[in-house]
Every structure is written in C-alpha cells, then in structure tokens.
Amino acid sequence: MVKIFYDKDVTFDAVKDKTIAVIGYGSQGRAQALNMKDSGLNVIVGLRPNGASWNKAIKDGHKVMTIEEAAEKADIIHILIPDEVQPAVYKKQIEPYLTEGKTISFSHGYNIHYGFIRPPENVNITMVAPKSPGAMVRKTYEEGFGVPGLVAVERDYTGDALQIALGMAKGIGLTKVGVIQTTFREETETDLFGEQVVLCGGVTELIKAAFETLVEAGYAPEMAYFETCHELKLIVDLIYQKGLQGMWENVSNTAEYGGLTRRARVINEESRKAMKEILKEIQDGRFAKEWSLEREAGFPHLNALRRLEKEHLIEKVGKELRKMCGLEKE
C-alpha cells in the first residue's frame, strides 16, 4: 500500500526558515508560489526579466528576480518551467548556484528520471506534484481545501529531504486532501503512459475514429459529433465523481448492456498489446530519446501533426456546435 500524508502528519519545520525559489510563473508556478506565500513560507520567483510573467508576479506581490539571482539566494529551487526547456535553463542559470545542501525540486520527474538533468551529488532532489491544473490548485486553496498531490525523493543528501518536500506540499495545500509518496520513476512512467494511451492519445483517436465511422456511413457530422465527442463529458464527469461502477449505475440499461457487451471488440487484445509496447518505449527511454530529437530538430513532426488535427472535419463541426451551445465565443 502507498504511504499517504495528511495535514496532521506534516509540519513546516523543515522549510519555515528556508527561501524557496519558484522558477516559472505559468499556471502551476503562479498557483504554487501564491499558495506557499499565503501559507507563510518565504517565496521568491525567478523569471526572465520584464516579460508578461515578470509583471504578473510583481502584481501578485512576489519578490521577483532573474533565475540566476533566485537560484543563488534560494535554499530550495522549485523548477516549474516546461519539461523541454528545463535542461538548458538548468545548465546555464541554475547549476552554477547549486551549492552543498540545497534542494532542487520539480513537479514532474521527467528530466531527472531520464538523465537530462544531473544535479551534483551534494544536493537533495525532490518532487512536489499537485494532481490538478494550476487554476484548481489555487481555487481550492482559497476555498480552504486543496487538491491531492505526490511527493518523491530521488536523493536525500541532508537527511530531511522528505520533510522538505512535505513542508512544501503542506504550503501548497495538498496535505489537506492527501499526499501520496511515490518515486521519480513511477510518477514519470505512469504519467506518460496515461497521457499517451488514455488521456491525450487513446481518447482522442477513439473519438475521431468513431466520428469518421458515422460520417462515412452517411450520418450528419453534427449528429456524429454530439454522439462521439460532446456527450463524453457527461460520462467522464460520472466516472470522476462516482467511479466506473457508479457510471454504469447512472446510465440507461440499454447503454449499460451495449457498452458491456461491445467494449471488448473496440479495446481488444491487439489494443492491449499496443499498450504494452507503448509502456515499454516509456520504460526503456525510447520515447524520451525520440522526444528529445524532435525538440532539437525544431518540432517538425509535431507541427505537421498539429496542422492535420486542425484541418480535421471534427474541428470545423465541433467549433460551430460549441458556439451554438454557448461553449465557445465567436
């Protein structure tokens, strides 16, 4: 069983006298920095000078400085910029200031797990990862609650790395719901697998394939969109709130019978074999290498795929129907 920490299990002792530098001020950076500051922790923000994020962070009341200045002043450096830019920023602007006993922290284990960032041996390496978009991290904190999260320790140089990570998690508001202790490997590999096979890859391809099947059979694209895409939210919300069994209990008997008797013909043994192959590519580093080469080349394949997605009929039909439903503005 996993270890779960709650508010009662965690104190601020390991972080209350430390300076925490949040590097980056996107959705997660802003939410985590504000929550920790409002929890009484000493937070500074490291950014590129004079950009939109710089001005926003100042307006939010933070002490804002360059990444180099923040890395030098901080005891804990919490990196919340995109995965693909982290290695270059780390090497040039953070690594020179990683003196003995400091902690380098992440919200995703990708670059540490695959070795794109290799901190010196005399620092802690930790992870504090909210399992929610940044906007919800902030909103629920302001409401007096929070979202669930993860903590992990890749290296405990000072002997209190876990307490440091947990103190940050408490400051962000995660321990009010519960924080699961994991590892950099487990977080990285399960996160990538979920994105590729279900959340971003599998679901979107299933939607498109079903939409195309109906349109090719002569059904109106608008009807196809409603039945294969628009109504998905209703089912996902039920699963989110009640679990799979709760979803089955809240759909019609016809939908339940049809789903239970036909689903294995859609997700079959070939599908499961493909899932295992994708997981293996994640585990052995092939995906990470492929993605690294794609970045270095300037994202040619990704940009081509983006163009194809934008040109698909489902996008044109969906845009019009979302406008009709008041979900998308002109």
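Glycine too: its Cβ is placed from the backbone N, Cα and C atoms.
Listed in Swiss-Prot:
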{"type": "ACT_SITE", "residues": "His108", "note": "active site"}
{"type": "BINDING", "residues": "Tyr25, Gly26, Ser27, Gln28, Arg48, Ser53, Asp83, Glu84, Val85, Gln86, Gly134", "note": "NADP(+) binding site"}
{"type": "BINDING", "residues": "Asp191, Glu195", "note": "Mg(2+) 1 binding site"}
{"type": "BINDING", "residues": "Asp191, Glu227, Glu231", "note": "Mg(2+) 2 binding site"}
{"type": "BINDING", "residues": "Ser252", "note": "substrate binding site"}
{"type": "DOMAIN", "residues": "2-182", "note": "domain 'KARI N-terminal Rossmann'"}
{"type": "DOMAIN", "residues": "183-328", "note": "domain 'KARI C-terminal knotted'"}
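Taking Cβ-Cβ distances under 8 Å and a sequence gap of 6 or more within the same chain, the neighbours of Asp191 (Mg(2+) 1 binding site) are His108, Gly109.
In the predicted model, the domain 'KARI C-terminal knotted' (183-328) shows an average pLDDT of 96. Glu231 (Mg(2+) 2 binding site) carries neither a helix nor a strand DSSP state and counts as coil. Straight-line distance linking the Cα atoms of Asp83 (NADP(+) binding site) and Glu195 (Mg(2+) 1 binding site), rounded to a whole number, equals 15 Å. Per Cα geometry, Glu195 is the residue among the binding-site residues Glu195, Glu231, Ser252 nearest to Tyr25 (NADP(+) binding site). With a 10 A radius on its CB, Glu227 (Mg(2+) 2 binding site) counts 14 other CB atoms from all the protein chains. Considering only the binding-site residues Ser27, Ser252, the Cβ with the fewest other Cβ atoms within 10 Å is that of Ser252. For Gly134 (NADP(+) binding site), the same-chain residues 6+ apart in sequence whose C-beta sits under 8 angstroms from its C-beta are Gly26, Ser27, Gln28, Gly29, Arg30, Ala31, Gln32. Gly134 (NADP(+) binding site) falls within a helical segment according to DSSP. Of the listed recorded positions, namely Asp83, His108, the sparsest CB environment within 10 A is found at Asp83.
If you compare Cα positions, Arg48 (NADP(+) binding site) sits closest to Glu231 out of the binding-site residues Glu227, Glu231, Ser252.
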